[in-house]
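Asker: Pulled the feature table from Swiss-Prot, pasting it below:
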type	residues	note
ACT_SITE	Cys85	active site, nucleophile
ACT_SITE	His181	active site
ACT_SITE	Glu183	active site
BINDING	Ser235, Gly236, Gly237, Val238, Asp239, Ser240, Ser241	ATP binding site
DOMAIN	8-207	domain 'Glutamine amidotransferase type-1'
DOMAIN	208-400	domain 'GMPS ATP-PPase'
Amino acid sequence: MSDIHEHKILILDFGSQYTQLIARRIREIGVYCELWAWDVTEAQIREFAPNGIILAGGPESVTAENSPRAPEYVFTAGVPVLGICYGMQTMSEQLGGKVIQGVGEGEFGYAQIEMLTDSLLFKGIEDAVNSEGKPLLDVWMSHGDKVSAIPEGFVAVAKTDTCPFAAMANEEKQFFGVQFHPEVTHTRQGMRMLSHFALDICGCAANWKPSSIIEDAIERLKKQIGDDEVILGLSGGVDSSVVAMLLHRAIGKKLTCVFVDNGLLRLNEAEQVMEMFGDHFGLNIIHVDAENRFLDAMKGEADPEAKRKIIGRVFVEIFDEESKKCANAKWLAQGTIYPDVIESAGSATGKAHVIKSHHNVGGLPDDMELGLVEPLRELFKDEVRKIGLELGLPYNMLYRHPFPGPGLGVRVLGEVKKEYCDLLRRADAIFIEELHKADLYNKVSQAFTVFLPVRSVGVMGDGRKYDWVVSLRAVETVDFMTAHWAHLPYDFLGRVSNRIINEVDGISRVVYDISGKPPATIEWE
């Protein structure tokens, strides 16, 4: 079996919102890479032994005192280096070039760069040709400062009207700088540039692919676990499902999955999880029906954050009780993925922001004394999904819209009651079913229904009824950081509304949420 970590790229993070995207692109090319904070030590880089280094972008200004710098060793390690945006600026500054602060001359958004000379990084790449026969490339810029003088040994490779050094290269040392962002899709041939860097310039082999990752993960799990038993909290979500399948392949019946039905799941979800993993795949699953326990614990509580905490606490209590029954279990498996690891690691200098804690089994009691098994901790979400497909999990389960950890606990506004959850489940199932029928489900990023604790007058036949209100929510987004409300067709919305009001006894009014993010969040609570 080839070593999927044999060839690798190190990406140093200077705080850009696009940095994780660079890592995902390199992985898509088929090369393993890791994302570290910019302030790593020479010893750490030596130990990692990368075949190439990428200096990512960042929000700081190279001209400011105490702004981040690449470790000097990056430029003496003898491996190719690619600086992107801020990464190009700090490379230039550190190697003897000059960077000036942009005063109203920044470039943000689409730009066309003119190629001035050939470079390995841009070999065979052009989007258009200007009147002088020079190749032009469509790229995405996002910078205020710019390089005003390049270091000795470098040549200008590309320019724009306002940026004399849109790309630079020292081909002998294999140092390259680009002022634009090749990792974003708006840079039309960005993937080809990154591919040139990783495969041709750094000489990496494209070993990083789903089948090899699975093989490697199973091998490592067998080594780590040996003949021991493992316990896993299976939610039916993407991460825990893929962990379950990997462990099942590696250790078979030595895996015990605990599926806690908290009464806050989607329609028929508990039955589907048990059928798929228990009956179809033959996993060993303990099904805990804890609906009443969760609902009792939340009785009278209307505050969203308090509800989240209660749901988390009760889950931990139940999981702790069940794990004690599995006396032979020595390991706890978790669905930690690479972005969780990056967020937790932060930066030694405190430049990285602290992100909210995840609703995961992370808060388990300290006295559990179980070793931790995290087979997905090197993987991004899109990689986890691809592996899931390879392991035989159904596409519609791996690629369905995000569902919050606390489930309907945060989609029933205010106090959570069984009656509200049952109504919401049925209304939501109709909305999702109609989206699939109209071929709209995959055209929106997330769609769901929210239960509003207000009654509204309705007329049914000759009688009036005074029933509950639900809101439909559908958004379009690239990264879930910002989102637009989805402009679904009126006739479609009318059809969904009619079905819900006619088929779900207890709901008399359906509204559609037309709020973007910001200012509204995607979920209501």
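Numbers run from 1 along the shown chain.
Quick reminder: no glycine exception, Cβ is built from N, Cα and C everywhere.
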Asker: What is the separation, in Å, between the Cα atoms of Ser241 (ATP binding site) and Glu183 (active site)?
Answerer: 30
Asker: Averaged over the domain 'Glutamine amidotransferase type-1' (8-207), what pLDDT does the predicted model reach?
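Answerer: Residues in the domain 'Glutamine amidotransferase type-1' (8-207) carry a mean pLDDT of 92 in this prediction.
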Asker: Counting other Cβ atoms within 10 Å of each residue's Cβ, which of the recorded positions Glu183, Asp239 comes out lowest?
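Answerer: Among the recorded positions Glu183, Asp239, the lowest count of other Cβ atoms within 10 Å belongs to Asp239.
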Asker: Hey, does DSSP put Glu183 (active site) in a helix, a strand, or just coil?
Answerer: coil
Asker: Using Cβ atoms only, which residues of the same chain lie under 8 Å from Ser235 (ATP binding site) while being at least 6 residues apart in sequence?
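Answerer: The list for Ser235 (ATP binding site) reads Phe259, Val260, given in order along the sequence.
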Asker: Return the single residue from the binding-site residues list (Ser240, Ser241) that has the minimum number of other CB atoms within 10 Å.
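Answerer: Result for the binding-site residues Ser240, Ser241: minimum number of other Cβ atoms within 10 Å at Ser240.
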Asker: Around the ATP site formed by Ser235, Gly236, Gly237, Val238, Asp239, Ser240, Ser241, list the extra residues of the same chain whose Cβ is within 8 Å of the site's Cβ centroid.
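Answerer: Close Cβ neighbours, site residues excluded: Leu234, Val242, Val243, Ala244, Gly335.
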Asker: Rounded to a whole number, how many Å is the Cα of the residue listed as 'active site, nucleophile' away from the Cα of Val238 (ATP binding site)?
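Answerer: Given the Cα positions, the residue listed as 'active site, nucleophile' is 34 Å from Val238 (ATP binding site).
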Asker: Using a 10 Å cut-off on CB atoms, tell me which of the binding-site residues Gly236, Gly237 is the least crowded.
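Answerer: Counting other Cβ atoms within 10 Å of each of the binding-site residues Gly236, Gly237, the minimum falls on Gly237.
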Asker: What whole-number Å value do you get for the CA-CA distance of Asp239 (ATP binding site) and Glu183 (active site)?
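Answerer: That separation, Cα to Cα, works out to 25 Å.
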Asker: Could you tell me the C-alpha distance between His181 (active site) and Val238 (ATP binding site) in angstrom, no decimals?
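Answerer: So the alpha carbons of His181 (active site) and Val238 (ATP binding site) sit roughly 30 Å from each other.
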Asker: Could you give the Cα-Cα distance between Val238 (ATP binding site) and Glu183 (active site), in whole Å?
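Answerer: A Cα-Cα distance of 25 Å.
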Asker: Using DSSP reduced to three states, classify Asp239 (ATP binding site) as helix, strand or coil.
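Answerer: Its secondary structure by DSSP: helix.
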